[in-house]
Amino acid sequence: ADGDLLFNVNSDIRFNPRAAEQPEWQNEDNEEFLPTGETSIDSYPNWLKFHIGINRYELYSRHNPAIEALLQDLVSQKITSVAMKSGGTQLKLIMTFQNYGQALFKPMKQTREQETPPDFFYFSDYERHNAEIAAFHLDRQVKWICIKRKVEILILDFRRVPPVAGRLVNMTREIRDVTRDKKLWRTFFISPANNICFYGECSYYCSTEHALCGKPDQIEGSLAAFLPDLSLAKRKTWRNPWRRSYHKRKKAEWEVDPDYCEEVKQTPPYDSGTRILDIMDMTVFDFLMGNMDRHHYETFEKFGNETFIIHLDNGRGFGKYSHDELSILVPLNQCCRIRKSTYLRLQLLAKEEYKLSLLMKESLLKDKIAPILYQPHLEAMDRRLRIVLKAVSDCIEKDGYDNVVENDFNTDVNTVTTER
């Protein structure tokens, strides 16, 4: 239905990518640039195909060919301008491409083998570029070859993370020489080892001591495709009910009140619809990655409360493979609710022939800067998956299957209903 689409597209209307009048899209010549002209949707740039495919239930459909093409664009399109993203604690860059698409660049700060230092608080942890890439693959699907027949196996099959790809960027040619951001440009220097470095401006880790240095001027990073501009598709920001205190000593209410979920379930939008189940999906997603930094989440305003949660900003996942942060699972333990489609998928991924770590490893090999995850991180996901299934099993034993597992399948056609 038209009401389920983020945009109702008339293919006869020409799209101007600068309609949102973003500063980084300004052109001194004020020349007209209409990438599509009066042609069909097929000729739209892939970032625009991604945007017009967003609907009430997912960011992109399971077989949308524009997503693979967009991932290729993220690693191959010419970068025409770069600016620092305002806000946030760590340096992120907004990169604009020749086709007017945009992506958020998170530079490499840690090697694959490094773990988060044990004395770091979750709110001062590094944001990892490879965590952003791995989160996208965990959230979506892969193809898996099973002996003589090709079988499509889904990983979590949520499709709630915007497309992300890894890219090697030339810091001189693709950042310093194309930026008009003087504050960024001024932080470039040549290190004693003769490498190009920069540090930008932010509240954490933006100093000479924490500079990002190339080898000699190549740097790895993740590029996450932008969602539609807020002037075209407003998003609502929600405080996560299970938000941490972000304080060195204080605890959040959910950490001290075992009945906290009962209070949440009486509060809109968690008192009706599917939002509480969306929170449970996000909880599983974050626990598998070890992501403690989910303070807020966003939804598209157009769809009201009956829509999915966008899984944005996953850079603090995959920090520790030697530790499972059980507090991330508290929402599931307290609420004892999960979608049947999610539960069945988790059970499948626990089977030896469809092992989560193997599927993730296979999927991540497609990325240009593979390997993305250190092997112990992949093994940690299998271990955490068993913990999730044990938590659901304990809930079922306590409350009964029908009270825990929400049937989101349409029994007539044996498919997941659109209430996902």
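Placed from the backbone N, Cα and C atoms, the Cβ positions cover glycine too.
According to TrEMBL, the protein carries these features:
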BINDING   Q90, K106, E127, A224, A225, F226, L227, E298, D313  ATP binding site
BINDING   E127, D313  Mn(2+) binding site
DOMAIN    188-405  domain 'FAM20 C-terminal'
ACT_SITE  D293  active site
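Only D313, of the binding-site residues Q90, A225, L227, D313, have a C-alpha within 10 angstroms of the C-alpha of D293 (active site).
When pLDDT is averaged over the domain 'FAM20 C-terminal' (188-405), the result is 96. The Cβ of Q90 (ATP binding site) has 21 other Cβ atoms within 10 Å, all protein chains considered.
Neighbour counts of Cβ atoms within 10 Å were taken for the recorded positions E127, D293, D313; the minimum is at D293.
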